[in-house]
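These features come from TrEMBL:
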- 38-56: transmembrane segment (TRANSMEM)
- 68-87: transmembrane segment (TRANSMEM)
- 80-148: domain 'Peptidase M50' (DOMAIN)
- His88, His92, Asp184: Zn(2+) binding site (BINDING)
- Glu89: active site (ACT_SITE)
- 161-217: domain 'Peptidase M50' (DOMAIN)
- 213-244: transmembrane segment (TRANSMEM)
- 330-381: domain 'CBS' (DOMAIN)
Amino acid sequence: MSSSKADGDQSRPALARGSTPFGAGVPLGRWFGIPVKAHWSVLIAMVLFAALIASVELPTVLPGSSALSYWVTGAVLAPLFFATLLAHEVAHAVTARHFRIPVHQITLWMLGGLTELEGETPAPRAEALIAAAGPATSLAIGAVCAAGARLAPCPELVLAALGRLARVNLLLGLFNLLPGAPLDGGRLLRAVLSWRGHDRAAAAAKAARAGRVLGMVLVGLGILETLTGGVLGLWTVLVGWFILNGAATERYAVRAEGLAGLTVRDAMTATPQVFPDRATVEEVLTRLGPDSARQGFFPLTDVDGTLSGAVTLPMLDAIPADRVASTRLGDVANRRPLLTTTPSQDLGTVLLPLHLRGGIAIVLDDGHPVGVVTDGDLARVAAIVRGGSPAQ
């Protein structure tokens, strides 16, 4: 499974050597001048692929060979498959560079590959050709392997392996053409809709909705296959989950474009109620006024006025009445890493992290809380930008 990601004009945080969008990775050199990295999960995928080939596929199509020969063939075929997957991604990258679109890097991981593009979002024609290049390469590799499996004068086990490699590449190419983001087919759908007159945001939103439906269908099919004893059920669920998350990312990217030029300061609730973490629950409940129900989330500071945690009204209400006078806020605070931002940060870059981290971020200025921004704040600002009702 493959996808390409265009980052538009957004600045990219500095990454450590070997870093990938999925976490730590291993550099695999430069292919056609493009950095290639592999996430550690590729090893898991290769082991699972080799096991599937050795224990299910080859014994089914070519019974009678030794278990050792099946496993040796599977061990050789697994890296070959990921090499063809890399060819799929390189095709995206080379086509993008043909249209003078910079390529940040290619990443291989457990569920496929990702080509990260930089610079301006490509025009519809360029976007369509970039998206189509990957599946076209997979289909071409599949066709060549299929021809080899039928015509090459090789041992039966080699021909069977070529047949499996042909099958998986043909499936990869066809699957990636399904019209839903973040798959290549979703990019094609977005490009076609843009070319036919839809504005890019509307086209991207439709591709994201299609991806969401596709992801839910795959998750459902995977669960059903798992319950009926299918060997690929869990894998199908994982692919569906990835597509659901990718579609959500696309959806938030569309919303981010609508907030271009705005900062967190434009959306945040300024001067929120902030309490010292040494205050007692009783003191806070006594001081809270009518606005507490509106805010509902309270940053805490230490003796230096620096953010030290946060509490919510439900957390305070859960304290037994006989303990509110003796319980300090610091004793019940959420001290896990909190999502923080600054007043000057681009509002669009906060959308996805806010969605993934509970819908609340604390706005800091020189380490001190100066505001709170929530999903509701962003929806209100987006509605104003669209000319709609702030209450939407």
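Positions of Cβ are set from backbone N, Cα and C atoms, glycine also.
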Note to self: Whole-number answer please: how many Å between the C-alpha atoms of Glu89 (active site) and Asp184 (Zn(2+) binding site)?
What the structure shows: 11
Notebook entry, point to check: Which whole number is the mean pLDDT over the domain 'Peptidase M50' (161-217)?
Noted result: 91
Check: What count of other C-beta atoms do you get within 10 angstroms of the C-beta of His88 (Zn(2+) binding site), across all chains shown?
Finding: 28
Item checked: Cβ atoms near Glu89 (active site) (within 10 Å, other residues, all chains) -> 27
Check: Just counting, how many other CB atoms are there within 10 A of the CB of Asp184 (Zn(2+) binding site)?
Finding: 29
Margin query: Return the count of C-beta atoms lying within 10 angstroms of the C-beta of His92 (Zn(2+) binding site), excluding that atom itself.
Written below: 30
